[in-house]
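K.L.:
Got these off Swiss-Prot a minute ago, pasting:
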MOTIF     34-44  motif ''HIGH' region'
BINDING   35-37, 41-47, Thr231, 261-262, 269-271  ATP binding site
BINDING   Asp67, Tyr212  L-glutamine binding site
MOTIF     268-272  motif ''KMSKS' region'
REGION    317-324  region 'Interaction with tRNA'
Amino acid sequence: MSEAEARPSNFIRQIIDEDLASGKHTTVHTRFPPEPNGYLHIGHAKSICLNFGIAQDYQGQCNLRFDDTNPVKEDIEYVESIKNDVQWLGFNWSGDICYSSDYFDQLFAYAVELINKGLAYVDELSADEIREYRGSLTAPGKNSPYRDRSVEENLALFEKMRAGGFEEGKACLRAKIDMASPFIVMRDPVLYRIKFAEHHQTGNKWCIYPMYDFTHCISDALEGITHSLCTLEFQDNRRLYDWVLDNITIPVHPRQYEFSRLNLEYTVMSKRKLNLLVTDKHVEGWDDPRMPTISGLRRRGYSASSIREFIKRIGVTKQDNTIEMASLESCIREDLNENAPRAMAVIDPVKLVIENYPQGESELVTMPNHPSKPEMGSREVPFSAEIWIDRADFREEANKQYKRLVMGKEVRLRNAYVIKAERVEKDTEGNITTIFCSYDAETLSKDPADGRKVKGVIHWVSAAHALPVEIRLYDRLFSVPNPGAAEDFLATINPESLLIKQGYAEPSLKNAETGKAYQFEREGYFCLDSRYATATKLVFNRTVGLRDTWAKAGE
């Protein structure tokens, strides 16, 4: 199979293949242009993987360009976060990082060119009046009374805007196109507005800032972008993209292509809604493991490779659709099942005492770090007469489907002995506090000599050697598949999206590394938390369960 045949195909790659075959382009140059006004989420990961992935596959280039045209909402903190997220996902940008603000002088010159051609004018309508004059989908707009100013007057007023001679909101520069256009984006869109705010890159040099639609296409052209890839909501904006480039003196005219954005069940992607979750303290911050942000997914324990695999599986189309959360969870579950070392931790502990085991003694039990990967080695886990097991792994009475410990019956302790429940001790409220058992000393990691069958296996932790751990059971943040469609999306927050448990773990986890994934046997996949874990306190986040419990609940 050739390299081209091995690449995933989609309509964008087909366009690129045709452009290269026809000689329209000899190389491929893409860009990822986020605005540094927030943290990236998994929807951005689709654009990152698409733009950087195409550049990699075609031996081309991909720029990281910050669309930094609104100093009021932007911050250097977001710049650094975005750079980190792109690199964590496994990509590197070509050359130096680009900023739209790098081109402010050229953008101003192109605006002056449009004025000189009679294609832009300074408007003094208020924002509300501009909105009113713009019309609607069913009614044409009407011309501003300032639309027919002379070129000389517009040049003077635009220079006055630049010099700070107008207050914010008192003037703007608009393109002179067609107020009766069926496309509202073409009804004399604003090109420049006034903002007296310090910019994180240019300081106080400017008090006028270009709008996205004016900046985006020119930045693409100046950087030699061959294929400008945007999500579908910018489809109508392509007309303005082309209009600007057609009416200025610039040698390169990139083409814009649109693809569907990523919509994911049980979450929201709107920056406004995500910000509300943070500011109203429904979550602990932008990196809360329940958030769809890349930093949140990373803290929860998602690997970069699992996110890339997810993006690869959903593909690139022009058709808007919503992806099941189970698809994302399946990718990380497959990754960690293959690569995560195993360990034992008891999340809801109850004491179990083996009465015929030598009291005060212990031994080491050898356990594989991965059941199907001997190259991952093994570890020694201490075993003693007193152990912790999970409360759900014992019942005084149970039917035949229950394959765990039952009063008077046997079960195997993982990689250790067969035990039999003999009696229990309860508190005054009837809760079991201790389970008393006997063990078969001849069954260490082997079947009973008399051939009796013991079907159930449960995990355990030696009480004398156990590490106290806080276990944070993260789940889906919302309880409905489409919270964004609800009248009040906050009312659909899942009250059990975070449950905090105090449990015990085997001593090998004492030196767990932040972010490293483990399978807690029979429980799920977990990683050491980067925020709350300390040298003296182990805090583990659940990344994902061993199976999709939501699918079962919905049946």
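Every residue gets a Cβ built from N, Cα and C, even glycine.
Tell me about the setting of these features in this model.
P.N.:
Here the motif ''HIGH' region' (34-44) has long-range neighbours at 66-70, 73-76, 78-79, 81-82, 85, 200, 212, 261-264, 269, 271, 274-275, 286-287, 291-295, 297, 307, 328, meaning same-chain residues at least 6 beyond its ends whose C-beta is under 8 angstroms from one of its own.
Mapped onto three states, the DSSP output places Leu262 (ATP binding site) in coil.
Annotation note: Asp67 (L-glutamine binding site) sits in a coil segment as assigned by DSSP.
Residues 37-38, 41-43, 261-262, 292, 478, 483-484, 489 of the same chain sit 6 or more residues outside the motif ''KMSKS' region' (268-272) yet have a Cβ under 8 Å from a Cβ within it.
With a cut-off of 8 Å between Cβ atoms, the residues of this chain six or more beyond the region 'Interaction with tRNA' (317-324) that come close are 10-11, 232, 258-265, 481-482.
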K.L.:
Within the region 'Interaction with tRNA' (317-324), how many residues are helix, strand or coil going by DSSP?
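P.N.:
Computed counts for the region 'Interaction with tRNA' (317-324) are 0 helix, 2 strand, 6 coil.
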K.L.:
Select the most exposed residue of Asn37, Ser270, where exposure means the fewest other Cβ atoms within 10 Å, treating these as the binding-site residues.
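P.N.:
Lowest Cβ count within 10 Å among the binding-site residues (Asn37, Ser270) is Ser270.
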K.L.:
Measure the Cβ-based neighbour count of Lys46 (ATP binding site), defined as the other Cβ atoms within 10 Å of its Cβ.
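P.N.:
Result for Lys46 (ATP binding site): 22 neighbouring Cβ atoms inside 10 Å.
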K.L.:
Name the residues of the same chain, 6+ apart in sequence, whose Cβ is under 8 Å from the Cβ of His44 (ATP binding site)?
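P.N.:
Set apart from His44 (ATP binding site) by at least 6 residues yet with Cβ under 8 Å, we have Pro34, Asp85, Ile294.
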K.L.:
Need one number: mean pLDDT over the motif ''KMSKS' region' (268-272).
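P.N.:
94, rounded to a whole number.
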K.L.:
What count of other C-beta atoms do you get within 10 angstroms of the C-beta of Leu262 (ATP binding site), across all chains shown?
P.N.:
23
K.L.:
With DSSP as the yardstick, break the motif ''HIGH' region' (34-44) down into helix, strand and coil residue counts.
P.N.:
3 helix, 1 strand, 7 coil
K.L.:
On the three-state reduction of DSSP, what should I expect for Thr231 (ATP binding site)?
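P.N.:
Assignment for Thr231 (ATP binding site) reads strand.
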